[in-house]
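According to TrEMBL, the domain 'ABC transmembrane type-1' annotation covers 405-588, 945-1259. What TrEMBL lists as domain 'ABC transporter' is 615-866, 1293-1555. The region 'Disordered' feature in TrEMBL is assigned to 350-400, 862-906, 1411-1446. Annotation source TrEMBL lists transmembrane segment at 66-84, 119-139, 298-315, 423-440, 446-465, 518-541, 547-569, 941-964, 1018-1043, 1102-1135, 1203-1224, 1231-1251 (among others).
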Amino acid sequence: MTLGDSMLIAAGTGIAFIGLCSVPALGTVATRLGKRDARQDAYEDADGKASPESLKAYSAALPKSVVLASGAAGLGVSIVLLVISPHAEGLLVDSLSTASWAVAIASSRSSVRAFRLGIYTFFSAIALAGFRLIQGVRIAEPLFHSAPAALALRVAELASSISLAFSALCIPRRPDVFYQGGLVDRRYTASALGRFTFGWPTALLDLAARKKDLDLADLTRPDHNTRAASVSADWKTKDKGGRRLWLAIALAHKESLAIQWFLTLCSSVLNFLPQWVILQFLRFLENRRPGSRQNVEAWMWVVWLCIAIIAQSWVESYVWWLSYADLQIPIRAQLAALVFEKSMRRKDVKGAGKAKKKDPGPESGSAEPAIGGPALASTAPDHSDTDVEKEDDSEELKKSKQSTVNLIGVDGKRVAEFCSYQNIFPGSLFKLIISLAFLIDLLGWRALLAGFSAMLAIMPVNIYFSKKYSAAQDRLMKLRDEKMEVVTEALQGIRQIKFSALEPEWEKKINGVRKRELSAVWSVFMNDTMLIACWITSPILLSALSLAVYAALTGSLSPSVAFVSLGVFRALEVTLSIIPELTTDLLDAWVSVKRIEQYLNSPEVEKVAKDSDEVSFDNASIAWPSDEEIDEGDRFVLRNINVTFPKGELSVISGKTGTGKSLMLAAILGEVDVLGGTLYVPRAPPLSERHDDKANKGNWIIPEAIAYVAQIPWIENASIKDNILFGLPFDEERYNKTVEVCALKKDLEMLSDGENTEIGANGINLSGGQKWRVTLARAIYSRAGILVLDDIFSAVDAHVGRHIFEKCLNGELAAGRTRILVTHHVALCEPKTKYLVELGDGGVLHSGLLSELREEGTLQKIKSHEQSAEEIEADELTTAVNSEGASDAEREESDDAEGNTLKKVASRSQVPRKFVEEESREQGAVRKHVYLTYLKDSGGFFFWAFACVVFITVQGFSLGRSWWLRIWTGSYEEQGVHQLQAAGPSSEYSFAYIDSARQNPIHAMSAPLPAIEGTLPFYLGIYVALSVMSCVIGTSRFLYIYLGSIRASRKLFTKMNFTILRTPIRWLDTVPVGRILNRYTADFSVIDSQLANSVSFGVNSFLGLMAVVIAGLFVSPYIVLLASVLLLICLYYAIRYLNGARPVKRLESTTKSPVFEQFGSALTGVATIRGFDKAQVYIERMYRKIDDYSTSTWHLWLFNRWMGWRMSLVGSFFSSVVSILILLTPDIDSALAGFALAFALGFSDSIIWTIRLYANVELNMNAAERIIEYTELPTEALDGESPPAAWPTEGRIEVHDLVVGYAPDLPPVLKGLTFSVNRNERIGVVGRTGAGKSSLTLALFRFLEARSGSIHIDGLDISKIKLHDLRSRLAIIPQDPVLFSGTVRSNLDPFDHHTDAELRDCLERVHLVTNQPSSSTATASGSGSGSGSVTPVDSTTPKNANPFADLASPISEGGLNLSQGQRQLLCLARAIVSRPRVMVLDEATSAVDMHTDALIQRSIREEFTDATLVVIAHRLSTIADFDRVLVLSDGRVAEFGTPRELWEKGEQQGVFRAMCEESGERDKLRAIIFGSQ
């Protein structure tokens, strides 16, 4: 076939392609002529809606004008050419086609249609330009001589085609669109050129450069492909159910996966294109005669090299971008949304099912309850089973709240990340096939086989260490989980730890887990080092053996073969080395996807009740929910309940501690398993049908709706007002009444921000009573016609309780509403109660209308029993911890509440002060101080100086190896045996080369000396020696850095742990646990595992970049100038990238915490959320938080690609210039050219990796920065004198003129308090809310330091002695009891100082166990087992087991498998064990029934005869027989004397007497006071 024929075929094909592409354009033009588009006055799509401003700002006029002008110019030139040129066949057809595109675009008023046509135009115009270029190369020379005007016209036509192509890509796709007020990401707004060159974030990077920071508000919002709500909805439409989760994910994202795989295949082919071009280029140089003139072919190879590098870089960049933007981020958001939605529907399983055996010690014990609701005492497993079965991970997962949060934090992230890079599997296969074909063509199969045999020899070693690495990683993950459990528990129980001065023990315990974790990290590092050794050794051996065999077989080694095969080997090795790690990631993702699938398939809350007008139980048997088959004997069951609560009336449920009162309320909410009988509950309308925004006074109450007040109050991190409104519209009159009847008015007045005061998570800065009253106000304000209230009186003072009973429960706002109340204050409620239920013995003891029970005499019997403590089940899972101790209402006391401090403290500014401060975010570059601290902790100056020497040595060996290869291959040319050389005698060539080299100063240093002559073994021997040295030193440098990393990790952790455990309690109250946990877990994970690798690889890349420049120097000294200019350009881009990436990485850290905090909080309050039917509200709120997290990750990767693509362009320019310089230097030999080009190709990669890894180091240093910030927090006073060993011996307390405040800028809460307590005296402290009762407790333990005045104990000023000594010698039982997961024994005696017999004795003393058969009601009631008294009725009824019978019985996290009363009793037993001289009880028995309380008071009197007791009480009967009573009022002593003296002051003068009169127990109190005197 002649060249002319080929050109004809090419022309025909081009015309056909262009014509085909033009059909849509011609059709569009025809349509436009017939019907004009309406003007685009609005724009809306799935991403959002354009605003009037963005529509006005949108304009495509300029690119459309250029398109039209280019099309017209091209057409005009074609017509002229047709007239004057004999070579213009087909020109007019093509130009008409492209012109039609231009007209179509210009006439289209739909922005999206114009954008789409622009892409077609680009392909059409580029095809035309390519066709013209190929045609022009053939006829250019003849035209130049014969018809220069025609040649100029052809050039003009080519230029117009290129102009048309690129202007068509510049048409913006749409105006800016907005979603929920936020600007949506501009990926689908920008022009095609902007989209495919990552140009759309440029404006954001400009902003970052100006502000030196970025805030979340500056970032654009996710589009519909990434938005949590959209991807969740998309899942629901695509998920058919019944499919495995991994398959469902793959099918839901099949389009993205298909595009990703296709581009990966393209990338695999393009990966070897630069090597192939260099091969052709070097072969051309090998065949070139010295001094000959370069022809067009040589320059075409330079052009192709540039195009090949750019094409390969773009496809690779785009694959990575698609992987993150279309797969990782949407899948992560999708899984997070699905898991959260499931948690809002999932069965609320509680209790320590089967205990999980761990190492003996405090941390062992059952898995904690998964979510909200109380876990009944007897929910605890059948503790009699000593051989508790080992629970497997999946079972533990179901029950542990932390594990549930981990589904989003760890598992979802792992699956999403794997989805983003699973394409490496097919990509590696494609690359392997292509590279093998390439290498067989280059080296022959025998040489390749020899090389691969070396790889095969190393493979078993690689596999062995991969397995060891994987096992070490698994062990590390388990230890990290264990560390998280221990740290979480310590942080949640920090108040108890500080009160008991257990910081050193917990520090030791946490450091013990940390030590094991670091040993696992070291094990990972060691195995990783061996894998790196295989990774480094493998390609060196592969290339050395292959080249040796090739040289031996052929007798020569040409530069083109040597350097190109080295490049291919390097690419191949990267491909193969990543497979073992990927396989590990695949297995991790597989485990995670199964965990998520198991969770998504777990049982959901079912409708257990039938619809009815009133709440009733018909022979119902109910138990706490379980997601597995449990023997009925192993769970707490309320059997055969027959109760009907009258509609619109007040009903009371009472019963002893642990009898199942909260379980009965949970049944009304539908949060139970119904084992028999029927449950009837009115059906509430769904939230969507309630139209809350239209609610008014007339239609406010929805009779069937339910509101719930949990036993452990669940409060959100929001203002008091927002917590009360709970999403309902603000009705000022109703709101004010609610605040009044819930006794919150005084509290709000005390707060400077009033109702706008922000409450910390779980109400941390409120006192116990305030928390209860805020949650009560939420229920009262709600639209619910049925109020389900779990013990609202136990944490409030008597007078407040009476006010709430009369004004709230029976006032105007409660009229007509069905109120079902659990309480043990039966006497208080008696006047207005319509219906009464008493529980006991696993069922209903008595029930009926109050009037009937009174007539039968049953009422008196019930009142004598106890007014049941409902505390019962630890409903909330909030974990006692949360309550952190707030001490009772009194705590409420204003601020005295523990950290309460905050509360009253509110700010004096106009803007309400935030209690939970926003997480701080550093700005700009990481401070030098952080780097210096890290470098110092990891080894100091000498350590890092030696590290630099090692790294430079390694790079030197790498350069030396390639240089030796250049000498080796050059030697064949010098010896004249170069087989492919077409020039004259080799000696002539050699001398010409040497001569020219001598004249070039750089070459004079580097040219091979004629003296270096040797045989194949000589060259090969030195090459292998250099290779081995590279391997050894290259591997050891990583190990060296890992040593420093471990050292720094250990020191930083020890410092931070020490500081956190000793920070002031106020700081701990204002910082969410999740934020501190982030430091302990995520940040240390970065410091342990990632920072060392970022430093190692970063230094390596930088030195690699230097090596590239040095290698270029051998070609021309001007390379230094070029490299400097290009490096400056790269530096410009790098600085812009870092300006944006730095704040966005920090934002990613700070937007991640709220996702976990919201998840944890919602899991805690799931019973309340579902009770109020607010699940959807929380799901939508979670969507927003997931979107915040997604948008920060999105921008991090977007900026990364923006930089990467621009760096690739710079790199391709460097490679092109090096190859041009090689062509311009006629005396350069192919060996030197191969050496230089082999390095030049790495320029772009080296720069990108240097910057990326520098950014990684800096971003990872962000973790160090956050940790170092916490190591420098202020701590409580650590100095002071040591008191005598036996102090205090008597327990005398003298308080003199004590003034205490929560913060220097706040008014004092104790104002000149003076009183004294004698040895072994029992003192009751009472006072109305805000009087300062809890503040006094905090001052005794020096949580609040005295501003003036003093406290002396046994004559020693407590401000002068060491804090640890003070707190360890006193004891406190807080109102909110804190237990730690483990066993009964580990809670009583965490550090094994006492015998089992002593511990059992303490349990008997608090009536948790009895040493005789429980035959009497009294004895049994003491058993907190939840079994109540023995069932006399039916001896065959199964008993609920007593968890305290066995010291090894598990206690779940926070003690939530026990009732509140049982937890308080266990804390009391714990105090008895230590036998202190001074004991403070902070309303320690508020949650137990009165009968048990009486027994405990007797125990206290008997057990603490040799101790001074200070008891803060709400129940006046608790302290009515004490030696003296201290009455506080507004931070001062109002009265102090014996109960009788204070009573006799009379109601008018005596504060104590007035409180007694209001308490509802006046006669009882009088009898106690006068009976005890």
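Cβ atoms are placed via backbone N, Cα and C, with glycine included.
Only pairs six or more apart in sequence are counted, and the transmembrane segment (423-440) with the transmembrane segment (547-569) gives three or more Cβ pairs under 8 Å, enough to call it a contact. Remote same-chain partners of the transmembrane segment (1231-1251), defined as residues 6 or more beyond its termini with a Cβ less than 8 Å from a stretch Cβ, comprise 274, 278, 281-282, 285, 309, 313, 559-560, 562-564, 566-567, 962-963, 965-967, 969-970, 973, 1003, 1006, 1097-1098, 1101-1102, 1104-1105, 1107-1108, 1111-1112, 1114-1115, 1123, 1126-1127, 1130, 1134, 1137-1138, 1203-1204, 1207-1208, 1210-1212, 1214-1215, 1218-1219, 1222. Across the domain 'ABC transporter' (1293-1555), mean pLDDT in this model comes to 76. Between the transmembrane segment (298-315) and the transmembrane segment (1203-1224), three or more CB pairs separated by 6 or more residues in sequence fall under 8 Å, so the two stretches touch. Remote same-chain partners of the transmembrane segment (941-964), defined as residues 6 or more beyond its termini with a Cβ less than 8 Å from a stretch Cβ, comprise 540, 566, 935, 1006, 1019, 1022-1023, 1026-1027, 1029-1030, 1033-1034, 1036-1037, 1040-1041, 1044, 1099-1100, 1103-1104, 1106-1107, 1110-1111, 1235, 1238-1239. If one looks beyond the transmembrane segment (1203-1224) by at least 6 residues along the same chain, the residues whose Cβ comes under 8 Å of a Cβ in the stretch are 197-198, 274, 281, 285, 294, 298-299, 301-302, 305-306, 309-310, 313-314, 317, 320, 1112, 1115-1116, 1118-1119, 1122-1123, 1126, 1129-1130, 1133-1134, 1136-1137, 1233, 1236-1237, 1240-1241, 1243-1245, 1247-1248, 1251-1252. Counting only same-chain residues 6+ beyond the ends of the transmembrane segment (446-465), those with a CB under 8 A from a CB of the stretch are 436, 439-440, 527, 530-531, 534, 537-538, 541-550, 553, 569, 576, 580. Sequence-distant contacts of the transmembrane segment (1018-1043) (same chain, at least 6 residues past either end, Cβ-Cβ under 8 Å): 522, 525-526, 528-529, 532-533, 536-537, 540-541, 544, 547-548, 551, 939, 946-947, 950-951, 953-954, 957-958, 960-961, 964-965, 967-968, 971, 1092, 1095-1096.
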